[in-house]
């Protein structure tokens, strides 16, 4: 038992951090409201009794969203929700149950991604990756928030794992499903990943075949399920894309400068590990750190590659993804959540190489400062609606 706990201590740390944010930060963003209310309606009113008492029927007019995410989380949460409803009549408890269930789904997906990192870069890298994630406020905070972006992130993390495992088919299926059902803008991430697959000589015919199959299946599922709940034929994410892209109404929620993601959003999300990121994709720095003499140092300087191709392979599509998203005037950190895990992976690769040489400077310094920053963010989120 102790050995099992030791092997999965990093997973337990992430689960504990995500659970703490669920308990400490009860307030909801407006973007969470649909999925939160949908989960409430599913747990309280059920599916068979019809949707006459559902919130979106009683108060019509919202831009449609899919019920598939709320259905999945509510199904997992239903046993605990049933017990809590017997013990108390307060529906606020259901909110905590739903959010905690989603946070554990997010943690499970992150663990699956962590296992792929262990297979590719080693167990130490995977453990440092989880430690970095646990110390960052935004990722852990949003793990339990019922945003469409969070449901999408769960599937994207699984897709990342298959991508690292060099399994193109499930990667394409998951990213296609996520794009069509949860977040149409996942296509902006999907495109550079597809390009990386083509550069890795994955058959374009197979990519098209897998993509078409996944698209048809995903569209059929979301149209069938969501048309029942919305009481009319519709493709929810299609209507969202029409509202935000064709009608171009997203800018009504505010705009930011083109480079805002790079100089504001990502540094806030990554905290002090932002400083490690440029070196995480370097092949030269780890070689210099491993040198124990002037001769080895000179040899490393002359022969070590400037970049680590094994890391850059996964980082450059993320850079393209953020750069493409930067062209849109309306910007929010949640739009680029998908970038954070891969960037943390690059930082973890560096820490794995350097921690025996500079344990206090790199691990102690960066991560402790990140924790302090997370505490301040948590204090704000616990007393206000976090934005």
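From the backbone N, Cα and C atoms, a Cβ is placed for every residue, glycine too.
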Stated TrEMBL location of transmembrane segment, expressed as one of 121-145, 171-195:
171-195
Among ranges 248-268, 269-289, whichever one TrEMBL labels transmembrane segment:
269-289
Between the transmembrane segment (335-353) and the transmembrane segment (66-84), are there three or more CB pairs that fall under 8 A, provided the residues in each pair are separated by 6 or more in sequence?
no
When you scan the chain for residues with a C-beta under 8 Å from the transmembrane segment (207-230), skipping those not six or more beyond its ends, what do you find?
51, 54, 56, 64, 66-68, 71, 168-169, 172-173, 176-177, 180-181, 194, 197-198, 236-237
Check the transmembrane segment (269-289) against each of 171-195, 310-329, 335-353 and return whichever range has the most CB pairs under 8 Å.
335-353
